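These come from Swiss-Prot:
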- Cys2: active site, nucleophile (ACT_SITE)
- Lys607: active site, for Fru-6P isomerization activity (ACT_SITE)
- 2-220: domain 'Glutamine amidotransferase type-2' (DOMAIN)
- 288-428: domain 'SIS 1' (DOMAIN)
- 461-602: domain 'SIS 2' (DOMAIN)
Amino acid sequence: MCGIVGAIRAHHNVVDFLTDGLKRLEYRGYDSSGIAVNTDGKIKRVRRVGRVQLMEDAAREKGISGGIGIGHTRWATHGGVTEPNAHPHISGGMIAVVHNGIIENFESERKRLEGLGYRFESQTDTEVIAHSINHEYAQNGGKLFEAVQEAVKRFHGAYAIAVIAQDKPDELVVARMGCPLLVALGDDETFIASDVSAVIAFTRRVAYLEDGDIALLASDGIKRLTDKSGLPAERKVKVSELSLASLELGPYSHFMQKEIHEQPRAIADTAEVFLDGGFIPENFGKNAKSVFESIRSVKILACGTSYYAALTAKYWLESIAKIPSDVEIASEYRYRSVIADPDQLVITISQSGETLDTMEALKYAKSLGHRHSLSICNVMESALPRESSLVLYTRAGAEIGVASTKAFTTQLVALFGLAVTLAKVRGLVSEEDEARYTEELRQLPGSVQHALNLEPQIAAWAQQFAKKTSALFLGRGIHYPIALEGALKLKEITYIHAEAYPAGELKHGPLALVDENMPVVVIAPNDSLLDKVKANMQEVGARGGELFVFADLDSNFNATEGVHVIRAPRHVGELSPVVHTIPVQLLSYHVALARGTDVDKPRNLAKSVTVE
């Protein structure tokens, strides 16, 4: 959700980095872009609505170049999608700012600054930042770091900010509070970005800023850094494991397609910690054993796709580990009165580790007295793991497509491993049980590959969906969250309205929607609820509904008029939800192709939701 880049380079033009970095951040979602570069003592800016390429072409036409600059992709929050609202924002020709986040008190700050004589050219909260820093800069005699320090004291909300000044061609100042920002170090060049993917083509050496950090950067690195208390601090520089190849499409048409097909490897990599070392608490942290022994229940907080992974985990935690488990949407949890249990394990799930609502929900839980927290996350050094006492990283690798695929299935693998580990700590897993769970996990990548091989059959269904306006997804038990995930994927990238229900709820309302124009997708594995699901399907068929069934090889389904059947591998036991996720991902992808939508960058959506 918005992307920030910046650079100060001793020997090279910054424009190539700024435009390349912004293109690598396109997956985060945006509607406009811009850069500002200090060129011969003047700040030159170019902004455009639409793709980064349009802005890049304009920058080259204007001959913009220089050794220091900042750039931004905007996802509109305050103000419409217009060029005046695009970043960077400039105050008095002196200060240029890019900003990710929301300044909650921008209206009162705007009135204050207007009273001081500043004129506003946009509707954004970011212009408040530019004028506020410029005001402090003028007051303190041109000290950029101190101007940012003073200005941010007035802001309420979340932000990541990068600032340059017309008369400071060798200083770039950044500040972070609640939104991701990193510093990357090269040879006589220093970069900043919202995401490591923006800098990986230039350097792998990165330092992640923490909330409250303000840093003064030069081409030879970090010259000054203070923490939230205003005290000098240091941030450890690490070498990123991200590969440039993981950010390229390769032979695939879209990142979503690539990431769907990367799932056997991603699942195997995530499962490796359990297959090599066993289901042991130490996989989650040094103190995990004592924590797992002391907890009496589990609460999981997440948003979007991660929330559906959490709903799936609830079944495993209660059936395998016999531990009471509760799942809540993070954005709802943080605004209600909660009865806290200090012996409850709070689990947060986020692909990016920077989802603001999830992060704030965790902070809220800790403020209520929750002592134990565990994050399931795909990005090392992100905010959630730093805020949690325990962590398990999924090994999905970079996920560029806005619609989550491999991040979801690797979250399921991690949560399954957690459930078995908790059960083992609680003395509920026999050697035979553990051997069975281990073998199911070992066989999972192959079962997922088998499901991927169904793609031609699933693609053939796409044309039948392409002209529909609504769809219904049904599942029962642990496969109900997979129906929810399938409906979410369809609406995200095809713009077809889709809902998911437990199949047993058909008669309580959804059946009224069923007719010959309503495709009904059914998740129908060969488990203890199969006969119930078949009965629900009869109800749909009796109303003229058209059924699209994802079944197991041994489910005894026959395709008939109005009933289309695709068979996944034979039932794979507890991990069946992972396998049945693949067909609903492929269905959404191919329907999107048939409808001609932007698969990787669906309208109005962002990959990482770092604001409320």
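Backbone N, Cα and C define each Cβ position, glycine as well.
Across the domain 'SIS 2' (461-602), DSSP helix (H, G, I), strand (E, B) and coil residues number 70 helix, 32 strand, 40 coil. Within the model, the domain 'SIS 1' (288-428) shows a mean pLDDT value of 95, rounded to a whole number. Reported as a whole number, the C-alpha separation between the residue listed as 'active site, nucleophile' and Lys607 (active site, for Fru-6P isomerization activity) equals 9 Å. Residue counts for the domain 'SIS 1' (288-428) under DSSP, helix first, then strand, then coil, are 64 helix, 28 strand, 49 coil. Cys2 (active site, nucleophile) carries neither a helix nor a strand DSSP state and counts as coil.
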